[in-house]
Amino acid sequence: MARWLPRSTDLARFCQKLNRVKTLEDDMMETSFNRCLSTVDLTLLGIGGMVGSGLYVLTGTVAKEIAGPAVIVSFIIAGFASLLAALCYAEFGARVPKTGSAYMFTYVSVGEIWAFLIGWNVLLEYMIGGAAVARAWSGYLDSIFNHKIKNFTETHVGAWQVPFLARYPDFLAAAILLVATAFISFGAKVSSWLNHVFSAISMGVILFILIMGFVLAQPKNWSAQEGGFAPYGLSGIMAGTATCFYAFVGFDVIAASSEEARNPQRAVPRAIAFSLGLATGAYILVSVVLTLMVPWHTLDPDSALADAFYRRGYAWAGFLVAAGSICAMNTVLLSNLFSLPRIVYAMAEDGLFFQVFSQVHPRTQVPVVGIVVFGLLMALLALVFDLEALVQFLSIGTLLAYTFVAASIIVLRFQQQKVDAPPPAAGGQPSPEPREGPSAGELKEYESFSDKLQLVDRGKNKEHREPGQLKAAFEPYLEFLSDFYPGEVVTVAVVTLMVSAVCLCSILVFGNTHLHLPTWSYSLLLVLFSLGFLLSLLLIWAHEQQRSTQTFQIPLVPLSPALSIVLNIYLMLKLSYMTWLRFAVWLLLGLLVYFGYGIWHSKENLREPRPQRVSARYVVFPSGSLEERVQAIQPSSQPTTGLPDTDTDDSKR
């Protein structure tokens with residue numbers, strides 16, 4: 001029976017396959033895409049992804065039902081929280097200017113299976129998001145014409161009463177997606193130009209709303225007679241923050257487009273900062289004028305801005321608001337259709353997804369197969385499916401991607417930078433280089449003794465420490481950590497930090513409501529998990545980081561990514577259990593695809609080192625002096641008679 005069980009070496013090799021990281025090319029600017037996008041192009045793409053229908057609908061809904069006029073504070077907090085995630089994307093987008101966004105960032109720092117699952121979830125997120133926006137676009141246009149489109153379809157086509165299907169087929173939503181797919185397939189420059197047009201109209205309408213809104217503003221609408229500025233208190237402000245946070249999820253289109261940017265090292269961080277700043281300003285200012293024009297408790301959640309102008313005697317302004325809303329939804333559609341095929345392309349290019357999606361059209365230089373296939377799937381979703389029950393699924397995929405990108409920033413910042421291999425020696429033989437660092441307690445093998453001498457000399461140099469090594473100031477207190485390979489302790493600490501964050505947020509979300517914990521145990525668990533989180537953070541901080549590079553780096557690492565991790569996990573746990581159930585089902589489907597196809601076709605399989613035959617090796621034990629830990633080993637083809645004596649060791653030295 002025992003012989004059928006897998007050996008420990010097989011399990012270790014299998015785990016290594018799951019956690020292998022992507023090997024980046026020497027020239028990361030080389031690409032099959034057309035590098036034609038400027039900082040302005042990327043900024044408008046980001047604004048188009050963030051300032052969508054939410055500006056016209058979300059502001060009124062949160063103001064009336066959740067936070068009151070304090071929705072302004074909710075947007076300020078949500079904007080700051082989004083900034084933490086956006087800065088992580090900005091650093092990765094500048095350092096790794098490749099398409100794929102969160103999938104690529106996770107692959108180069110955390111591991112293959114985690115990257116695939118992130119890409120798999122982002123894929124569904126974009127599909128449902130695009131289809132949902134198309135149906136909202138159709139419904140908004142239909143409402144302008146007194147629902148004539150809906151009535152015509154139900155009369156001549158019929159209505160359905162089938163679970164999970166829409167009440168009637170939405171041909172208009174499917175048609176707008178097909179038209180957008182056609183434009184996206186013409187190339188990045190055409191897509192960018194179209195986005196410029198819709199973004200310009202949308203921003204012009206927003207500017208009109210702000211000017212007219214401040215002219216019609218009445219400060220008494222914030223007075224105590226109308227309920228005050230924060231009628232729902234601090235709890236309402238924080239609940240509004242959780243809802244407003246999802247208004248800023250579109251900035252990752254900039255990171256997904258980094259392989260088509262002319263100068264991604266500068267353009268990506270700037271575009272993310274500019275677009276997030278402008279979007280946050282737009283949400284805050286529109287919330288101000290909306291709650292000052294009419295009392296917050298009289299707002300119409302479905303069409304707050306148009307209704308506010310109508311009630312102030314400017315019914316004609318409602319048509320401008322409708323035009324701005326439709327143009328804003330068009331930019332969101334373009335953003336989804338622009339990003340999704342590029343993420344699929346990145347997965348297919350790495351061999352983790354079907355190879356057909358890695359084809360790039362030679363003339364337009366876009367992944368046309370992915371654009372057409374997923375555009376058709378998105379149109380099918382919008383045509384027949386009821387998406388209201390699935391819309392909340394969008395949040396969990398985004399938040400999970402944010403969490404892994406933040407963790408990847410910490411892991412990458414404390415990793416040793418890869419150094420190019422030295423040139424071959426005069427005899428034509430390449431100079432040997434050390435293998436990848438093993439875990440603590442294992443034997444470290446080197447092909448030559450001189451390699452070990454260089455490593456020992458570098459380890460004894462206290463003034464120059466590599467990233468991932470313990471800082472000199474902490475070595476007297478944490479000396480037992482100095483035996484680990486650089487970066488190992490940080491990786492373990494990041495995992496501990498994430499586990500502590502999950503436990504801490506679980507107690508905050510479920511402690512009083514679902515678990516009904518007594519006060520003493522609730523407080524004790526909060527203290528314990530908070531201590532675990534803080535100790536993990538301090539342990540990471542006690543190690544050396546990579547020194548400043550020429551590209552953008554997020555400040556206050558590891559504090560900034562850690563705060564982003566806590567916030568994202570907290571918001572994920574606030575989602576409904578049905579969302580988690582659907583997420584688990586989609587995750588299982590992704591694992592079937594990965595283990596059925598991805599793990600076998602991964603291009604990292606081709607890069608795995610092959611065993612080499614050497615005449616002599618040296619084994620270095622993790623403790624003891626240099627003389628004690630250098631011992632010769634006979635080749636595997638010769639019989640081993642034991643360890644050599646001291647004279648043999650001296651001759652080797």
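Placement of Cβ uses the backbone N, Cα and C atoms for every residue, glycine included.
Residues or ranges marked as domain 'Cationic amino acid transporter C-terminal' by TrEMBL: 552-602. TrEMBL lists 420-441, 629-653 with the feature region 'Disordered'. Annotation comment: TrEMBL describes 36-58, 70-90, 102-123, 171-190, 197-217, 229-251, 272-294, 314-338, 366-385, 489-510, 554-573, 579-600 (among others) as transmembrane segment.
Contact between the transmembrane segment (489-510) and the transmembrane segment (554-573) is supported by 3 or more Cβ pairs under 8 Å, counting only residues 6 or more apart in sequence.
Distant neighbours of the transmembrane segment (314-338): 45, 47-49, 51-53, 55-56, 126, 129-130, 133-134, 136-137, 140-141, 144, 176-177, 180-181, 183-184, 188, 191, 194-195, 198-199, 201-202, 204-206, 208-209, 212, 216, 250, 253, 256-257, 303, 305-307, 371, 374-375, 378; these residues of the same chain sit at least 6 beyond its ends, with a Cβ under 8 Å from one of its Cβ atoms. For the transmembrane segment (171-190), the partner stretch with the highest count of Cβ pairs under 8 angstroms, out of 36-58, 229-251, 366-385, 554-573, is 366-385. Scored on C-beta pairs under 8 angstroms, the neighbour of the transmembrane segment (229-251) with the top count among 36-58, 102-123, 197-217, 366-385 is 36-58. Counting only same-chain residues 6+ beyond the ends of the transmembrane segment (197-217), those with a CB under 8 A from a CB of the stretch are 44, 47-48, 51, 55, 282, 285-286, 288-290, 292-293, 305, 309, 312, 314, 317, 320-321, 323-324, 327-328, 330-331, 334.
Listed by sequence, the residues of this chain that lie at least six past the ends of the transmembrane segment (272-294) yet keep a Cβ under 8 A from its Cβ atoms are 39, 42-47, 50-51, 54-55, 59-60, 63, 68-69, 71-72, 75-76, 79, 82-83, 86-87, 89-90, 93, 206, 209-210, 213-214, 216-219, 221-222, 244, 247-248, 251, 254-255, 304-305, 308-309, 311-312.
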